[in-house]
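Novice: One structure, pasted below without further comment.
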Amino acid sequence: MSSSCSGLSRVLVAVATALVSASSPCPQAWGPPGVQYGQPGRSVKLCCPGVTAGDPVSWFRDGEPKLLQGPDSGLGHELVLAQADSTDEGTYICRTLDGALGGTVTLQLGYPPARPVVSCQAADYENFSCTWSPSQISGLPTRYLTSYRKKTVLGADSQRRSPSTGPWPCPQDPLGAARCVVHGAEFWSQYRINVTEVNPLGASTRLLDVSLQSILRPDPPQGLRVESVPGYPRRLRASWTYPASWPRQPHFLLKFRLQYRPAQHPAWSTVEPAGLEEVITDAVAGLPHAVRVSARDFLDAGTWSTWSPEAWGTPSTGTVPKEIPAWGQLHTQPEVEPQVDSPAPPRPSLQPHPRLLDHRDSVEQVAVLVSLGILSFLGLVAGALALGLWLRLRRGGKDGSPKPGFLASVIPVDRHPGAPNL
């Protein structure tokens, strides 16, 4: 693994060096033509682009008649600036021995690249993306070379089935953006990401090992809606959909968490719904409520998504619907929900208060049924054991011969004639 990694690094450094160097007497990296680069505090060499290498030239600052370096300096077509600083930046002119213009050069100072900061994230279980940023500002034109490879364990079956593990280029999307995307990744595999920062003064590489399970972070849910429940002044119904980027497959589902709060209340209440909707039963009557949701892999892989944009809803101010009893002896008036500021308590309803999406009753019923089933089973086992023991004792009483002296003290025995009286 280490040899493959070092080999990949050597290839990328070679490519970066090729980008920096050229075969002409004045290597041109990229950027505007005629621009050459150096590092502050270091010696900088400028070369005259319009002459043959080694031809003596004279150097001037643009717009200044003062000679900086004459043709007899022995440096040929090059100009040497010792310990360059910001005052040395600008345009330089080189002239041949006959005074003809050899060319113009613009000096720009900056720093070599440092290892970039790289992070990766997967919005689904098939693709992931990596982003990067420079760890220090170089002040020079910068490019990034990005690639990845699949990590394998020596002797693993997966390696025997797929000997090719890369490296492959990680396409930057869009081109030139600080982001690349890996498509068709394997959920249970690990990958090594290589991001190399290149500028005219060198190259620096960052390697990052990632696992799709650990970097999984879905996009937030979409289509969040908050609606009132007619007739229930303390209830709100929230519904949403899966994020469009998450493939709907039965083996890769999402779970959700929902937060809500009344207006002007800073604290959020949190619940974890069982599906794609939730009924809030403790809303504050008459106040608008903010609601938001986030998503996560249902097996807790990765992390929670960011929160969805907030949606707002206000509980219903209508009356609770009532039914007249079948026997018709009780005449009831329409029940009006009291206003929020009214000191009078609400009138009790004659009908049971339904609880939407409240599964506690069903859970209790299941628990009672399970308990009754266990007790019935234990009773049957005890009865079977008692019956078996009784049958065994009865069979033993019929087949076995009585032991000597058994019941002798209870049953009298007639004396034979002539037997002496003891």
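Note: Cβ is positioned from N, Cα and C throughout, glycine not excepted.
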Novice: Of the ranges 299-303, 304-308, 354-358, which one does Swiss-Prot flag as motif 'WSXWS motif'?
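Specialist: Motif 'WSXWS motif', as annotated by Swiss-Prot, spans 304-308.
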Novice: For CYS48, which disulfide partner does Swiss-Prot record out of CYS5, CYS94, CYS120?
Specialist: CYS94
Novice: Find the shortest Cα-Cα separation between CYS94 (disulfide bond) and the recorded positions CYS120, ASN127, CYS130, CYS180, and name the residue that gives it.
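Specialist: So, of the listed recorded positions, the one sitting closest to CYS94 (disulfide bond) is CYS180.
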Novice: I need the CA-to-CA distance for ASN194 (N-linked glycosylation site) versus CYS170 (disulfide bond), whole Å please.
Specialist: 9
Novice: What three-state secondary structure does DSSP assign to CYS48 (disulfide bond)?
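Specialist: The residue in question, CYS48 (disulfide bond), is coil (DSSP, three-state).
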Novice: Measuring CB to CB from CYS120 (disulfide bond), give everything in the same chain under 8 Å that is also at least six residues away in sequence.
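Specialist: Those within reach of CYS120 (disulfide bond), by Cβ under 8 Å and sequence separation of 6 or more, are PHE128, SER129, CYS130, THR131, ILE193, LEU208, VAL210, ILE215.
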